[in-house]
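A.B. asks: A single structure is presented below for examination.
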């Protein structure tokens with residue numbers, strides 16, 4: 001029995017390690033390629049022979065990664081606060097007030113989550129053009145400043161608040177907006193953080209819409225800049241692509257490590273059927 | 001008393017405005033950038049819409065006729081279904097095994113969990129580029145396959161007609177591992193512990209416990225993972241666009257890539273018609289899946 005338990009444990013660790021190699025391996029490979037010095041072939045050996053940061057310097061100097069970074073930060077900085085504000089505002093009456101049209105609004109919002117973006121990207125592209133939003137930061141975030149997913153997530157959170165807390169605020173003479181702001185919002189702070197993270201991931205890694213909406217390379221986000229750079233997928237350029245990839249992924253990894261538990265609750269809350 | 005009733009009533013009337021004030025910003029934004037373009041796409045699908053002039057004439061079902069007689073469309077539809085057929089079983093099975101593994105009370109398990117989440121928090125463009133390097137002819141995967149004797153000479157799986165779709169699907173599965181694992185973990189943690197203990201006493205092996213207890217009890221999680229996989233799988237764009245661009249020779253051109261290509265060649269009405277097909281598939285898939293799995297849950301209960 002004892003031996004059995006031990007061998008079972010060894011098997012579990014071996015399996016877990018094998019999976020870890022496949023999930024982490026691509027990151028290590030990319031990191032090592034990005035650290036290879038100019039003379040080195042990218043596929044000659046796994047580890048860099050003479051590690052050098054030259055590719056990261058080049059990414060900023062030659063490949064414009066500084067400007068891509070700034071654009072991506074601006075886009076996230078617009079999207080996150082607006083999405084939190086508008087979604088928590090819209091979700092509140094859907095969770096907490098009785099009014100005509102509530103179920104209609106709710107069903108309409110939730111059912112839009114099923115609609116593939118590719119269905120309406122052409123009309124959206126035209127609309128963005130008419131509104132002068134091509135090649136602008138605001139134009140890049142229009143899909144993220146209020147999202148059906150965010151409203152759904154916030155509504156789930158408001159539904160869990162005990163009603164008594166709000167009722168006592170009403171007795172003190174507060175109006176609905178005050179109760180929302182002063183009582184309800186502080187109670188759903190964890191979900192707000194979760195939504196902030198998901199909005200960040202969404203804007204930081206967004207690819208298709210920026211690809212369509214941006215033609216001016218000074219407006220490229222990291223995803224687009226990286227994809228453009230990788231058009232030339234060989235030799236020396238791949239070291240630059242690797243350095244760019246590492247630069248792009250570092251902020252998301254840091255935020256993930258920092259706010260891990262909110263990521264996880266976001267997945268379980270966001271995926272449970274309404 | 002009467003006065004109070006009246007004031008109450010007006011009060012009530014005024015209150016009805018408030019929910020809509022809360023909803024107003026989102027209604028404006030979603031209405032403008034989501035609902036309106038969706039309705040327009042419906043409209044464009046029965047027009048011969050020209051993006052440049054911004055006009056189009058009513059052509060009835062011509063776009064759908066053109067779509068249904070286009071071989072490339074059927075190829076794209078087939079590829080979308082094939083892609084789902086590859087991804088779905090992997091997404092159901094692999095994250096489940098991972099969840100069972102990291103649900104053990106063992107040292108270092110939390111570290112492994114974190115390592116499994118990494119692909120999920122990585123932007124897809126980065127993930128796809130990393131895998132594209134791994135797949136490259138001089139890359140590790142090709143080396144490995146040659147060493148195993150599967151290929152005689154270095155081969156890039158992404159540029160082979162027969163393997164490209166599977167190779168891309170691997171990227172999708174890799175990226176989703178941690179995400180679906182979390183869903184299974186939530187399911188596992190809600191299972192009663194007593195069942196395993198009595199199974200242990202009855203002498204059931206680990207594998208038997210997994211097959212006879214864990215899998216059947218995880219049916220709700222399996223349903224959820226399946227629906228999410230199907231809906232997300234139909235919309236997959238980034239990894240295909242980056243890794244293969246839809247090639248070689250259309251081997252990875254899914255419906256989404258087909259729509260994108262039509263849009264890029266300014267055939268926006270055909271793109272809208274194809275988009276509607278995609279929408280209908282997404283709706284059918286979720287309805288069908290829900291029905292099938294709720295039936296299976298009933299069978300289990302009976």
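Positions of Cβ are set from backbone N, Cα and C atoms, glycine also.
Per TrEMBL, transmembrane segment is recorded for B:20-39, B:81-102, B:114-134, B:164-186, B:215-234, B:240-261, B:268-288. Feature annotation from TrEMBL assigns domain 'ABC transmembrane type-1' to B:77-289.
Map these features onto the structure and tell me what's around them.
C.D. replies: Remote same-chain partners of the transmembrane segment (B:114-134), defined as residues 6 or more beyond its termini with a Cβ less than 8 Å from a stretch Cβ, comprise 98, 102, 140-141, 158, 170-171, 174-179, 181-182, 238-239, 242-243.
Using a Cβ-Cβ cut-off under 8 Å and counting only residues 6 or more beyond its ends in the same chain, the transmembrane segment (B:164-186) has close neighbours at 79, 82-83, 86-87, 90-91, 94-96, 98-100, 102-103, 113, 116-122, 124, 127-128, 131, 135, 157-158, 218, 221, 224-225, 228-229, 232-233, 236, 239-240, 243-244, 247-248, 251-252.
Within the same chain, residues 41-42, 44-45, 47-49, 51, 56, 59, 63-64, 66-67, 73, 76-77, 80, 227, 230-231, 234-235, 255-256, 258-259, 262 sit at least 6 positions outside the transmembrane segment (B:268-288) and bring their C-beta atoms closer than 8 Å to a C-beta of that stretch.
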A.B. asks: Taking a Cβ cut-off under 8 Å, which residues six or more beyond the ends of the transmembrane segment (B:240-261) line up next to it in the same chain?
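C.D. replies: Tertiary neighbours of the transmembrane segment (B:240-261) are 72-73, 75-77, 79-80, 83, 124-125, 128-129, 131-132, 135, 158-162, 164-165, 167-168, 171, 234, 271, 274-275, 277-278, 281.
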